[in-house]
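*Asks:* Not my notes, these are from TrEMBL:
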type: ACT_SITE; residues: CYS85; note: active site, glycyl thioester intermediate
type: COMPBIAS; residues: 156-170; note: compositional bias 'Acidic residues'
type: DOMAIN; residues: 1-148; note: domain 'UBC core'
type: REGION; residues: 150-188; note: region 'Disordered'
Amino acid sequence: MSSPSKRRDMDVMKLMMSDYIVEPINDGINEFNVEFHGPKESPYEGGVWKVRVELPDAYPYKSPSIGFLNKIFHPNVDELSGSVCLDVINQLWSPMFDLLNVFEVFLPQLLLYPNPSDPLNGDAASLMIKDKAQYDQKVKEYCDRYAKKQANENTLSDESEEDEVSDDEAFSDRQSVSDDEIAGHADP
């Protein structure tokens, strides 16, 4: 059996060698940003998000911390913190999952199949339940305003040290929802 640090290295390398743009933070592999594209044939199509990933020391036995850095309108993503309410990451994580699962399966499924009955964003959940067409329109407006490739290029590829500090601070601020609070939003 390989050690957690070897597994972490392998998973990060697999993610870097895939089609995702991965940018390490502070020259380490425990924290990094990943460019994530909205799934095709969804209101999120065309959106490009910067997703912050933090790997705990116990990874893969403990789940990664995942948060959207640019705004997204979704019932299961806190609009202010970017925290994600997703059972498979927050409660059902298993060492058999890896980082590619997060970006190729879990996050796309989250965007394709929101759960308005278990919201972190009550406004998004309420609008989705009351008027799906208006919800879809608002999702597209957020994509146009906050999640366009051109808007993210500078922050992903050409960050200055000042920008990196502000990204770190922004992520810390966005992590105001604790794991326990997130767990409270999950189905039992």
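Including glycine, each Cβ sits where the backbone N, Cα and C put it.
Bear in mind that TrEMBL entries carry predicted annotations, made automatically and left uncurated.
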*Asks:* Reported in the order helix, strand, coil, what are the DSSP residue counts of the domain 'UBC core' (1-148)?
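*Replies:* Each residue of the domain 'UBC core' (1-148) counted once, the result is 56 helix, 24 strand, 68 coil.
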*Asks:* Would you count the other C-beta atoms found within 10 angstroms of the C-beta of CYS85 (active site, glycyl thioester intermediate) for me?
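*Replies:* Around the Cβ of CYS85 (active site, glycyl thioester intermediate), 24 other Cβ atoms lie within 10 Å.
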